[in-house]
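**Student:** Structure provided below as structure tokens; questions to follow.
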């Protein structure tokens with residue numbers, strides 16, 4: 001490791017001390033860690049890069065069950081977009097996640113389902129899971145679903161969603177999960193793009209104490225989905241007013257009871273697709289990312305085991321939805337492939353109160369907790385009193401996913417939730433990567449709050465100069481984050497549109513995988529994610545990372561969340577506009593005071609915060625105080641909407657019903673127009 005240079009490009013690394021894993025982490029391990037030293041990680045990483053055939057070949061045989069052994073570990077390249085792994089092998093993902101564990105440990109919990117209302121919760125053992133998966137697979141098989149067919153799943157985060165995914169995989173078919181929050185139009189687009197033959201859904205959903213009419217949305221979508229032949233409807237609430245279309249729709253309970261006994265899984269080739277997952281937030285036609293069976297499954301198992309330091313005795317609580325990649329990889333395929341119980345949570349962090357997540361951790365003695373920073377910000381806003389009610393001493397690893405975690409949230413997570421006794425694992429990856437790209441391996445890699453740390457096995461991260469397209473060498477540098485070689489769990493294509501796949505990920509920098517994110521590598525070789533490269537503001541020739549400015553703003557003790565966008569300016573090209581949500585008690589104080597002077601004072605402090613932390617060139621020209629920022633159902637801030645508002649295009653926002661808080665948009669428009677004197 002080198003010492004810090006006098007002038008740092010990566011200023012985030014200033015005054016950040018490395019934090020070693022606390023001794024309590026090791027005391028809570030059920031057995032010795034899978035990796036016991038930083039040197040061992042470095043040796044394994046070097047082997048994974050220099051000899052990937054041997055490295056991944058050994059792990060492929062260790063972690064997966066094969067119906068037919070593979071003949072070759074890898075082929076193809078990023079340049080040609082023809083990556084393939086474990087050629088000649090055959091396996092079944094469902095068998096790997098269910099059968100082998102049901103035979104070995106039939107009474108071990110597989111799915112720990114925590115419903116929106118606790119009274120509806122249930123635990124499924126591996127034996128019970130196998131039985132229910134075989135029943136649903138039997139229904140699908142009787143409908144003619146076979147290897148290579150696509151099946152859409154539109155369900156809330158419950159046990160049946162997991163069962164449905166596994167049942168589809170059991171037949172060698174391809175599941176396409178659609179987040180149960182998308183509109184009927186979004187369902188239609190995804191079903192049609194994937195040419196789905198069947199849909200699995202439910203009558204209604206429960207979330208945050210509210211009932212959601214899931215079946216009604218599906219019915220609206222299916223008016224224009226000619227490929228759908230059959231629909232299986234799980235009775236989540238049992239509302240008798242929910243109706244079925246004769247000849248198309250069938251009740252889950254009635255159909256599954258027709259099938260009993262063991263239904264053998266269908267072996268598929270390593271490169272056969274396991275699932276499609278449509279990326280969210282983009283305009284135009286949906287983009288169905290294709291993941292293979294063997295490579296994806298190995299990536300899920302390998303990262304779950306090593307990044308989190310997961311053991312058979314552990315319990316993984318991933319507070320994510322199967323409608324997104326986090327739920328696929330770390331609520332289903334990662335833990336279940338290893339025979340580790342997974343907590344499936346249907347509800348929200350705030351219902352019935354802000355202690356719900358911690359109550360679940362205590363109840364099931366979860367050892368690993370994995371959540372998005374958005375949820376952590378919400379929970380910090382509510383105060384620590386709810387955390388103190390529960391015994392969280394079972395926790396060993398605290399994970400973060402979905403967006404960069406700011407140092408202040410990292411510290412809060414570490415101190416208030418983990419009591420300074422856990423390893424915080426900030427993970428960087430994507431829908432397209434399938435599994436973790438960059439993460440500090442639990443119990444091994446020292447942490448720097450705000451940094452995702454170092455690359456995982458087989459991931460050759462690098463930084464590219466966006467102007468020259470040349471790889472940037474050395475440390476204390478910044479550029480576009482890319483990967484130099486294929487890895488097992490990488491997405492293989494965009495469904496029915498390989499040209500789009502090439503143009504989006506592989507052609508921008510030939511020979512590299514383009515992540516779309518900017519990043520920096522500090523003097524120790526740690527990576528700092530700076531957000532999407534299109535989330536850049538160009539002010540007077542200065543290319544400013546919005547994530548960087550947001551991180552500076554968040555350090556102001558009044559701010560709960562911040563989002564920065566660029567706004568056109570005749571003089572400087574663009575100016576920085578910051579939308580900030582205040583902590584609850586400050587919102588109340590401002591409303592009670594109704595004093596513009598107090599708000600103005602706060603805004604000046606925020607601008608000064610950025611001037612001091614980054615420099616005058618990065619200071620926002622305008623700060624808009626709002627009650628809430630627009631977010632997707634997965635918790636990501638929709639900066640696209642804020643950019644439209646700042647551009648004076650509030651009448652061109654498109655469909656905002658898929659937001660978790662669409663009501664926030666009108667308030668933001670009002671605050672923006674008020675500040676800029678618009679009627």
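Backbone N, Cα and C atoms are what each Cβ position is placed from, and that goes for glycine too.
Look at Swiss-Prot and you will find 207, 208, 209, 210, 326, 540, 611 tagged as CoA binding site. The ATP binding site annotation in Swiss-Prot covers 402, 403, 404, 426, 427, 428, 429, 430, 431, 517, 532, 543. According to Swiss-Prot, the compositional bias 'Basic and acidic residues' annotation covers 14-30. Per Swiss-Prot, region 'Disordered' is recorded for 1-32.
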**Student:** Pick the one among the binding-site residues 210, 532 whose Cβ has the fewest other Cβ atoms within 10 Å in this structure.
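**Tutor:** Comparing Cβ neighbour counts within 10 Å for the binding-site residues 210, 532 gives 210.
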**Student:** To the nearest whole angstrom, state the Cα distance for the pair residue 532 (ATP binding site) and residue 208 (CoA binding site).
**Tutor:** 31
**Student:** Short question: which residues 6 or more past the ends of the compositional bias 'Basic and acidic residues' (14-30) have a Cβ under 8 Å from it?
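**Tutor:** Residues 4, 8, 309, 311, 313-314, 367, 393-394, 396-397, 407, 414, 420-423, 442-444, 446-451, 524 contact the compositional bias 'Basic and acidic residues' (14-30) from elsewhere in the chain.
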**Student:** What is the nearest of the binding-site residues 427, 429, 431 to residue 207 (CoA binding site), using the Cα of each?
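**Tutor:** The answer is 431.
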**Student:** Considering only the binding-site residues 208, 209, 210, 611, which fall within 10 Å of residue 431 (ATP binding site) when distances are taken between Cα atoms?
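**Tutor:** Qualifying among 208, 209, 210, 611: none.
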**Student:** Would you count the other CB atoms within 10 A of the CB of residue 208 (CoA binding site), including those on all shown protein chains?
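**Tutor:** Taking all protein chains shown, residue 208 (CoA binding site) has 15 Cβ neighbours within 10 Å.
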**Student:** Any idea what the Cα distance is from residue 429 (ATP binding site) over to residue 326 (CoA binding site), rounded to a whole Å?
**Tutor:** 9
**Student:** Of the residues in the compositional bias 'Basic and acidic residues' (14-30), how many are helix, strand and coil by DSSP?
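**Tutor:** In the compositional bias 'Basic and acidic residues' (14-30), the DSSP-based counts are 6 helix, 1 strand, 10 coil.
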**Student:** Under a criterion of Cβ-Cβ distance under 8 Å and sequence separation of at least 6, what residues of the same chain contact residue 326 (CoA binding site)?
**Tutor:** 318, 320, 370, 372, 401, 402, 634
**Student:** In the structure shown, which of the binding-site residues 209, 402, 404 has the fewest other Cβ atoms within 10 Å?
**Tutor:** 209
**Student:** Sorry to bug you, but what's the C-alpha spacing from residue 209 (CoA binding site) to residue 427 (ATP binding site), rounded to the closest Å?
**Tutor:** 31
**Student:** Got a sec? Which of these binding-site residues, 207, 611, has the most Cβ atoms within 10 Å?
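**Tutor:** Output for this query is 207.
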**Student:** Rounded to the nearest angstrom, how far is the Cα of residue 404 (ATP binding site) from the Cα of residue 611 (CoA binding site)?
**Tutor:** 22
**Student:** Counting other CB atoms within 10 A of each CB, which of the binding-site residues 427, 431 comes out lowest?
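**Tutor:** Least crowded of the binding-site residues 427, 431, by Cβ count within 10 Å, is 431.
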**Student:** Quick one: pull the CA-CA distance for residue 208 (CoA binding site) versus residue 404 (ATP binding site), whole Å only.
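**Tutor:** Pair distance, Cα basis, whole Å: 26 Å.
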